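Working notes, structure below.
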Amino acid sequence: MSVAPIDKAAILAEALPYIRSFNNKTIVVKYGGNAMTDDKLKEDFAKDIVLLKLVGLNPVVVHGGGPQINELLERVGKEGQFIQGMRVTDSETMDVVEMVLGGLVNKEIVSLLNKHGGKAVGITGKDGHFIRASKLFLKSESDENIDIGQVGDIEHIDPSLVALLDSQDFIPVIAPIGVGQDGEAYNINADVVAGKLAETLKAEKLVLMTNTPGVLDKQGKLLTGLTAAKVDELFADGTISGGMLPKISSALDAAKSGVNSVHIIDGRVPHALLLEILTDEGVGTMIKAG
Ligand SMILES: Nc1ncnc2c1ncn2[C@@H]1O[C@H](COP(=O)(O)OP(=O)(O)O)[C@@H](O)[C@H]1O
Ligand SMILES: CC(=O)N[C@@H](CCC(=O)OP(=O)(O)O)C(=O)O
């Protein structure tokens, strides 16, 4: 479909108020492993991030890689297991998680951003000890601890490394791995890292990119706006499950902690990020604290 020149100009002009009001503001973008499937989409994502940086915003990328971890686990004869949306992580799985998140996925995103003119730097929470974590225990329905291995609960995020990179025009690309007291690695859900980082950096926006149009109701209809009360309802009646559980909890925590706007959007839609940030187009689900 070709767009008339006057319409193209109108679309560009529509971006001006957004570029102005987000000037120098931090935007945390979580790039989910499920949204990373297609090469063309990955290129488009990288171009969008570089464009945001060059027009004066401060994008910070946190990436996942759940499906990519599953793929390598399968190759070594292991099957991924999840409880409440969190991967059960024994020490062998932790090695695979570090290889895939800290190595393959992180460096692929860094390369793509740099190919399109960005100055991306890939880091994990071990770098400068910037994400400190301790062992996470999930709770059963009868309030008993469930041990899922080397999965981390974030104790503290030090914003100075990310701020330093931002100040020198680098784009931080963060793998969700935390570090414990004795230097041990912890696997942390990427949505949890993105939400906590957005809070710590006092980000203007948190955008979670995934593989659904947003949060769907039981009939599969998109819910464009969610409040805390509605989220409780959806948790209670089982509308939200699997990977959407930590995603919504993190989104809501970030909204409650002062992140101005929090969105879950469909990373399979080309340039969904630009549509969300620089146009009047509402895409996906917006999560509000109230
Ligand atoms: N109510 C819901 N609306 C949309 N997706 C949901 C819902 N409940 C569970 N999901 C699941 O959550 C998935 C997204 O979470 P996840 O697989 O962790 O993706 P990502 O890798 O992007 O973090 C969707 O693909 C879908 O299968
Ligand atoms: C504890 C836990 O579940 N960690 C995740 C980290 C990666 C992730 O969150 O990836 P997505 O965003 O693609 O789902 C995992 O091991 O899969």
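Placement of Cβ uses the backbone N, Cα and C atoms for every residue, glycine included.
According to TrEMBL, the residue from N187, N211, N260 that belongs to the substrate site alongside G65, G66, R87 is N187. The Cβ of R87 (substrate binding site) lies under 8 Å from the Cβ of G66, I69, G80, Q81, T93, V97, I148, V151, N187, each on the same chain and at least six residues away in sequence.
Least crowded of the recorded positions (K30, G66, N187), judged by neighbouring Cβ atoms within 10 Å of its own Cβ: G66. For the recorded substrate site, residues G65, G66, R87, N187 set the reference point as the centre of their Cβ atoms, and the other residues of that chain within 8 Å of it by Cβ are G33, G64, I69, G80, T89, V97, V100, L101, P176, N189, A190. For ligand 2, the nearby recorded positions are G66, R87; that is, of K30, G66, R87, K247, these have a C-beta under 6 Å from one of its atoms.
In the three-state DSSP scheme, G65 (substrate binding site) falls into the coil class.
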